[in-house]
Amino acid sequence: MLDVNFFDELRIGLATADDIRQWSHGEVKKPETINYRTLKPEKDGLFCEKIFGPTRDWECYCGKYKRVRFKGIICERCGVEVTRAKVRRERMGHIELAAPVTHIWYFKGVPSRLGYLLDLAPKDLEKVIYFAAYMITFVDEERRTRDLPSLEAHVSVERQQIEQRRDSDLEARAKKLETDLAELEAEGAKADVRRKVREGAEREMKQLRDRAQREIDRLDEVWNRFKNLKVQDLEGDELLYRELRDRFGTYFDGSMGAAALQKRLESFDLDEEAERLREIIRTGKGQKKTRALKRLKVVSAFLQTSNSPKGMVLDCVPVIPPDLRPMVQLDGGRFATSDLNDLYRRVINRNNRLKRLLDLGAPEIIVNNEKRMLQEAVDALFDNGRRGRPVTGPGNRPLKSLSDMLKGKQGRFRQNLLGKRVDYSARSVIVVGPQLKLHQCGLPKAMALELFKPFVMKRLVDLNHAQNIKSAKRMVERGRTVVYDVLEEVIAEHPVLLNRAPTLHRLGIQAFEPQLVEGKAIQIHPLVCTAFNADFDGDQMAVHLPLSAEAQAEARILMLSSNNILKPADGRPVTMPTQDMVLGLFFLTTDSEGRSPKGEGRAFGSSAEAIMAFDAGDLTLQAKIDIRFPVGTIPPRGFEPPAREEGEPEWQQGDTFTLKTTLGRALFNELLPEDYPFVDYEVGKKQLSEIVNDLAERYPKVIVAATLDNLKAAGFFWATRSGVTVAISDIVVPDAKKEIVKGYEGQDEKVQKQYERGLITKEERTQELIAIWTKATNEVAEAMNDNFPKTNPVSMMVNSGARGNMMQMRQIAGMRGLVSNAKNETIPRPIKASFREGLSVLEYFISTHGARKGLADTALRTADSGYLTRRLVDVSQDVIIREEDCGTERGLKLPIATRDADGTLRKAEDVETSVYARMLAEDVVIDGKVIAPANVDLGDVLIDALVAHGVEEVKTRSILTCESQVGTCAMCYGRSLATGKLVDIGEAVGIIAAQSIGEPGTQLTMRTFHTGGVAGDDITQGLPRVVELFEARTPKGVAPISEASGRVRIEETEKTKKIVVTPDDGSDETAFPISKRARLLVGEGDHVEVGQKLTVGATNPHDVLRILGQRAVQVHLVGEVQKVYNSQGVSIHDKHIEIIIRQMLRRVTIIESGDAELLPGELVERTKFETENRRVVQEGGHPASGRPQLMGITKASLATESWLSAASFQETTRVLTDAAINAKSDSLIGLKENVIIGKLIPAGTGLSRYRNIRVEPTEEAKAAMYSAVGYDDIDYSPFGTGSGQAVPLEDYDYGPYNQ
């Protein structure tokens, strides 16, 4: 068996009949499957043991040889080889067909590859294949030309004979008529009778003439057909063809069905055809040229590969191994079988019947019918339903063919190769574990025992608690007490992976150190819930166990939750205290403000002294007091040092100081690192996130993790002691509400009257009412706000950011206000009641309308968002960091600061998502002094420093300007947002980009909504807009952009309206037809620049690329995608969007091929285009010219170089057909390809540069060790394999929060 890790490419091609016979272990001759009495496979049938191998290990069919000692022997009685039964998953058979059949993929696919090769329309091809027309396969041109005069003479003689026969027959009939008439006259017959006789005679004579004419016409038709007969002509008229064959059968050959195509393909000259097509491309135009290009693609595919076109017509059909199409017995004695067996049986039955008919010498019409049925049976086996009605099984269900086994979500690629189920896994409900440290999880004992069973058993044997593995297993099953002691020892520092579906980004799987817990639920640390998007309302999570030392090391170093504090989408912390914790810390840091609590104004010598007073009940947490802080404490930012007295030294950073603060804040600061500036303000959710952000940016991960744990513990501790609860009495409806509502009701009536009088339109009335009631709602909300004391629990929850917002509070205590209907239009009738007062029936009904739409929307959004993520992953999966630095000097100029109206510099709003975490492309120099050198990471600290120096824009490295041949380089990517350090080589940044864009997809709205004033002015927003951008579709209601700079003229007629631009350079005017309702951005006589938008709306990215070039379309797409995410408050870094856009623009359309081996109109990878042109220029030829092509992500995924990746994405059969014809080779660069064939993925530690590394100490390391300790006891041989042990994080002990 091939070792999967030691080959570089995987090629697919067309299998010829010889290949199929070579793979086969024998011919399947009978349609039988198994004997229903003995339940053993039938000989020569579809499950035959002689062909496919034994059904039992080391046992032949007849039972003569049993046991492994006869390995390899072929039984002389039954012919079965003695071997393992698993060969029945590998061995193939074949069916020898009595007549050739075409492969449906190549004739019925779009475009039809067979049709393109032979230059036949698919309709005509179908006629030949299904025996509705004859095809001429050979014409003896030379002999025909030589014999033409004599044949023509022969035909003219025959024509004369027909005419002579006609004339003599007519003459005889005329004489008979004369005789008859004479006789009648003699008898004295009436004129009437004579007339009838004459008419009858004339009728017969006409028939004679017509028959003769038909014969002559037929003869002429046959002769003309023969004269102009060419190879590949079709003849659908059976009688005409027979006559042709009878008369001139020695000059040509013709036949029906796949046999005709087979003969044609054998004599087909590929080189000659290619030359002819190239000539047409050089000289032809329009449709003819386009068709020639498409045909040349197919012809050159066969020329440039070892494929033979004969492979498209099959003489034998492979039979896949029986264990891949199993037959199993059900309880009632019946059998369930794979559909493939039924399809194979149909093929074998028809094939055997055809053989019998051929042996009997049956008439041609019967044989042809049987051949057609065989063709249809093979079609159904390969791709059921592709042509005609599908073959159905019981209950009219279409049978699953070989193609269906590969296609779609349930197909082989996505079900079994990309999504396998794994062992050493478990699943259970999750509950919160507030006592856990950030890197721990609680694992139920029963689950841990089952997962770690092999480890426990081995350890029991090692410790002599059990004699052997068997007895150890018995001990585990009986649950002896010693087993749990050993389990405790085994799981220590052995990380497990926890995964919550749906895994939308990399933080959906994290590693934790397990702690044994009672019960059956997994315990989760509260801070990782955000990353998993988990809550405890019945969510379940899966546990996976990393087994090898390498897997454990990766889990601990890369995946441990305390190492995954940052979110890969924007590089900001994701493990943020929420809900109760925020409430507790907010309670801790609020001050008395206006109240005089116990202990207010006292002074204390230290925090400990103040705590003592608090414990004694003499002081509250919120009382403002003076506390003296010890040496080393950093005062708050903006701290003013105390005025010094005469002779005293000046106060310096680190000295003791006294501060007016609260005990709560002093306790809060003890949770933070010692050298963190003192926090002397109320800490709500927003302030807390700023603090955690700051910590993540400035401190090592270990300190951040410990601080987060401290914040969690203190948050829960003080939330419990704060006594914050929710009661109905906490919700107070403002007294002023009635008055306010009454006032606005008057205004409402006034508007209503104006409408009834016809003074305002319906649209205006709606807008006025919405404005009135929005104002009313806001006024009630303000009154409600003033009504809530600061200490009100509901108010505290909202103000701290723990839960809820002002809008929800307004609906509970103020008034519900205006709601929207299912079309997302605001209903102008407000809901005047609040939930506290209770809604009337009508009000309740109105409010349910929009709410139901919201729920339906969410369900749809989830599916659409998941599909978007899948397409994004597919298009970007091979973008991996491949090198340190590509050496480019290019970059993007990005703004980092903007000037206010008064001229002061402020940090630009989008710095967080654009400049942050990139590398500088060049030195930042001010007055000849380098402030920041090139290739340095732009973190928060450096950006602040640059803004302070007055720098407004910087040139940064970017993925879009990276020049790496494969993947991208670390310097152009910059900082890895998930780790906060420069990205490592091997990081799969493409997939991270796709996850970062796809994960918040569910939060985006689905709406295409109507903007209030303008009817029909639809704006696509939310998820559909993101999809539209990434699929590079022309937007709905596209806004034209000017193709040249010039003057604007607006022309308007009764029905149409257009903007005409007269270019400055005097070239032709350009007219842009627009709708009468479009809102203009330019006026009559304005001057526009090239690429300027002329109306309101979205621009077409293809136009931007064509008119303004590649850089402009990149900026446009990044900006538009960010606009959608920003509108929902989602933060995603530009670099993720840039990766996707780079993949969309990585292909070039060839315009002129020059001397390069490229076809005009062909789409090629940019790198291939540049490499080929370089080669041509070096050889002194003309390079090819091309233009950049913007492709949508679906199209870009299917156009990838890797056929494995494309086939597993969409349109599986089309991709495989194409790949097989082109004999494509997959160089296994991306991730999907390697997952499919079971190789290590070429990312992270799977990169070849990281495998088989020997670690040796450097000279410096040795010297340092020598100086540190006695060198006799150190072994400097190369390090061996790791033990899999790791350093516990508990080395950093911060103790309880309040010591």
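From the backbone N, Cα and C atoms, a Cβ is placed for every residue, glycine too.
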Under Swiss-Prot, the annotation region 'Disordered' belongs to which of these stretches: 385-405, 637-657?
385-405
Highest CB neighbour count within 10 A among the binding-site residues ASP535, ASP537, ASP539?
ASP539
Compare the Cα of CYS75 (Zn(2+) 1 binding site) against each of the binding-site residues ASP535, ASP537, CYS969 and report the nearest.
CYS969
May I have the list of same-chain residues other than ASP535, ASP537, ASP539 whose Cβ is within 8 Å of the Cβ centroid of the recorded Mg(2+) site, in sequence order?
ILE430, ALA534, PHE536, GLY538
Other CB atoms, at most 10 A from the CB of CYS60 (Zn(2+) 1 binding site):
24
Return the count of C-beta atoms lying within 10 angstroms of the C-beta of CYS969 (Zn(2+) 2 binding site), excluding that atom itself.
21
Cα distance (Å, whole number) from ASP535 (Mg(2+) binding site) to CYS886 (Zn(2+) 2 binding site):
44
List the residues in the vicinity of the Zn(2+) 1 site, defined as same-chain residues other than CYS60, CYS62, CYS75, CYS78 with C-beta within 8 angstroms of the site's C-beta centre.
GLU49, TYR61, GLY63, LYS64, TYR65, GLU76, ARG77, GLY79, VAL80
Identify, in sequence order, the residues in the chain of CYS962 (Zn(2+) 2 binding site) that are 6 or more apart from it along the sequence and have a CB within less than 8 Å of its CB; answer 'none' if there are none.
CYS886, THR888, THR968, CYS969, CYS972, TYR973, ARG1142
Using C-alpha atoms, which one of the binding-site residues CYS60, CYS62, CYS78 comes nearest to ASP539 (Mg(2+) binding site)?
CYS60
Can you check what DSSP calls CYS972 (Zn(2+) 2 binding site), collapsed to helix, strand or coil?
helix
Around the recorded Zn(2+) 2 site, report the further residues of that chain (criterion: Cβ within 8 Å of the mean position of the Cβ atoms of CYS886, CYS962, CYS969, CYS972; site residues excluded), sequence-ordered.
GLU883, ASP885, THR888, ARG957, ILE959, THR961, GLU963, SER964, THR968, ALA970, MET971, TYR973
Just to verify a number: CA distance, ASP535 (Mg(2+) binding site) to CYS78 (Zn(2+) 1 binding site), in angstrom, no decimals.
63
